[in-house]
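Lifted from TrEMBL, the feature list:
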type	residues	note
DOMAIN	9-287	domain 'UvrD-like helicase ATP-binding'
BINDING	Ala30, Gly31, Ala32, Gly33, Ser34, Gly35, Lys36, Thr37	ATP binding site
DOMAIN	288-571	domain 'UvrD-like helicase C-terminal'
Amino acid sequence: MDDVTAILDHMNPAQREAVSAPQGNMLVLAGAGSGKTRVLVHRIAWLMQAEGLSPYAVLAVTFTNKAAREMRTRLEALLGISLRNVWVGTFHSIAHRLLRTHWQDARLPQHFQIIDSDDQLRLVKRLLKDHRIDDERFPPRQVQSFISGCKEEGLRPHQVDAHGDAYLAQMVELFDRYQLTCERGGLVDFGELLLRSLELLRDNPALLAHYRERFGHVLVDEFQDTNTLQYAWLKLLTGMQIPMTVVGDDDQSIYGWRGARIENIRRFEQEFPGTKTVRLEQNYRSTSAILSAANALIRHNSERMGKELWTEGARGEPISVYSGFNDLDEARFIVDTIREKVEEGTNRREIAILYRSNAQSRVLEETLIRQGVPYRIYGGQRFYERLEIKNALAYLRLLLNRDDDASLERVINVPARGIGTRTVEVLRHRARQTEVPLWQALHDALLDASLKGRAATAVRAFAELIERLDNDTAGLALHEIIDHVIERSGLIEHHRSEKGEKGQARVENLEELVTAAKAFTQGETFEPPEAGEGAVALEAFLSEAALNAGDHEADEFEDCVQLMTLHSAKGLEFPVVFIAGVEEGLFPHKMSMEEPGRLEEERRLCYVGLTRAMRKLYLTHAELRRLHGKETFQRASRFLRELPEEFLEEVRLRGQISRPVTTRPAAGLSRQSSVDGGAALPSLSLGQRVSHPVFGEGVILNAEGEGERARVQVSFEGEGDKWLVLGFAKLTPL
Ligand code: ATP
Ligand code: MG
């Protein structure tokens, strides 16, 4: 019995009530950092220990794979037993598990493959091309989001009513063809995973009954971000029979743009009568300065279920606000501050840099690299989304499934083996005409000699290569298969011969894939570590790679600064947090400034960002920013103005930096330094427009050094960025 009460240790009364409530539907509605996730984990432990629920009877849904792994680890620590087979995962990974087990009932081939949104986009592009559809009227991304949107609403092509609208009808037809291509190739996209598994349960009453019997309790974290399909899936599975514990915070609903329905949490109590609602109001994460600022910000939203958060914690340091001249200066401030913190004893992994858009990471990354600060990036160009990795995965997929057209097209001429686009076009045409996969079309074309000469030789060599790779890897362990394939396919050599660091990095990434495979079979990474051997292991690995894109980056325990978008920071916490680019148009994002609903979602995103910080928070913005190749003057975000001044402190740079950063006009520049025979330099400041006799007009982006060595970086229209020594360059202020 000791064990059981230990689960309730270090919990406040409301948390304890939630953890130990008798089984029944429960909604834990509470603000950030109030212990929702912790309650969820402890409740699972409680159900197992106090209520005698079998580990197999628990189904827990989290928002990311990282969260799922963390939950499993925490549970194992709490219970002191291994929980390998507990169903803890994301909606996607759980749906995948169902489909893999019941592939026949789901009318899928045994070795179906998951495609990510990148593959999906390629597929759409190819469809448009094949059917000669104008991709300006039907932009591929729009078609893709139409398809995903339909699936998220649970709709199949025949269920979408075009109401006689020709445009919509064309979209639906594309959806239909897309679906056909997927079916033929045994490909399953993310939306399909869920929709298919919903249909699987709906259309197989015996199966549904089996799972309703099996699961004793369903728990969902971050419930505010479930979409229509996920909600329907939960309702179908639990069928008012299996009790559910859902936890969430309406103020942290940030995926409306991707189909999440904040109403799901708002209407939970009505839809599930008898629901017990528990509110948690004590925040254990942040200092009171950070928490009060976050509370003040979110009060500007009108549609709220209403909650208050308080903390016993100290007020702590004020939130530091830094205004950079430009994005480079902003990055430099962030990295300089990080270095100071690290010198003072903060671990790098305790520091996070968050930003609104992926594109912002480049400047930050470059500055970190230049200053030798190790970092790790979540999202963005993820490991499993990198070109060389996707090529390797495509070869591996072909070993399992020759009918995977997308993979075949991806690598038929990578590395280059003399199969030109014309040949691929011929094969594609043939595949379309005879309604067979490309692999089949390729063999047919060789047989009836419609491919001749060099093209035929090259295509035959490719087909033989795939067969040979398959034969030679039979019986090998997973990492040996991968090692063999990246070598013998020629991929390693292909990248090794590429010039510069990029090729080297690609070779390293390919080698990292072998390492990842090893870790996978040993059950160190990814969740259900049930890899098996050979083809089975390979299939499991490929599926997990698609589901986990981004998660296996560097060593999780390496001491690195963490970079990620605000969206992917949900649920996490860090002692020190920087939020970069707090500017109008960037955050709130310009796409959302017109619609009040979306502006409120941006504000919730800001609330999420602020509440990630435990001890110290920095908000930075730049007055001049280069994004997507354009340079614009930026205004500080309205969200900054919405924070009470009493919690803020403006950062002025300290003396050791000779660059003029906060005092304008820039000290080193405006000082009439006497260089080059005593000629006085013009007074210049960052952001100023100047003219140069050769390069023309430009804007000063950056400055370095003083006196003779003072240099400025100027962005010239048409000429790009140049560093010029102030003493020599004849710059005239405009
Ligand atoms: P978010 O909304 O950001 O997902 P959350 O409500 O899920 O936050 P948790 O991540 O579960 O909050 O908890 C926040 C922090 O507070 C964690 O570090 C957790 O360990 C700690 N914590 C929660 N409850 C207590 C408690 N009763 N005593 C001490 N620490 C606690
Ligand atoms: Mg949480």
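Every residue gets a Cβ built from N, Cα and C, even glycine.
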Problem - binding-site residues (Ser34, Thr37), the one with most neighbouring Cβ atoms at 10 Å - result: Ser34
Problem - Nonlocal neighbours by CB distance (under 8 Å) for Gly33 (ATP binding site), same chain, sequence gap 6 or more - result: Asn283, Tyr284, Arg285, Ser286, Leu291, Leu309, Glu573, Thr611
Problem - Structural state of Thr37 (ATP binding site), classified by DSSP into three states - result: helix
Handout entry: Cβ-based neighbourhood (8 Å from the centroid) of the ATP site, residues Ala30, Gly31, Ala32, Gly33, Ser34, Gly35, Lys36, Thr37 excluded
Key = Asp249, Leu280, Asn283, Arg285
Exercise for the section: Output, ordered by sequence, the same-chain residues six or more apart from Ala30 (ATP binding site) with a CB under 8 Å from its CB, or 'none'. Expected result: Lys36, Val247, Asp249, Val278, Arg279, Leu280, Glu281, Lys307, Leu309
Practice task
Give the subset of the binding-site residues Ala30, Gly31, Ser34, Gly35 lying near ligand 2, defined as CB under 6 A from any of its atoms.
Solution key: none
Exercise for the section: Let me know the model's mean pLDDT on the domain 'UvrD-like helicase ATP-binding' (9-287). Expected result: 92
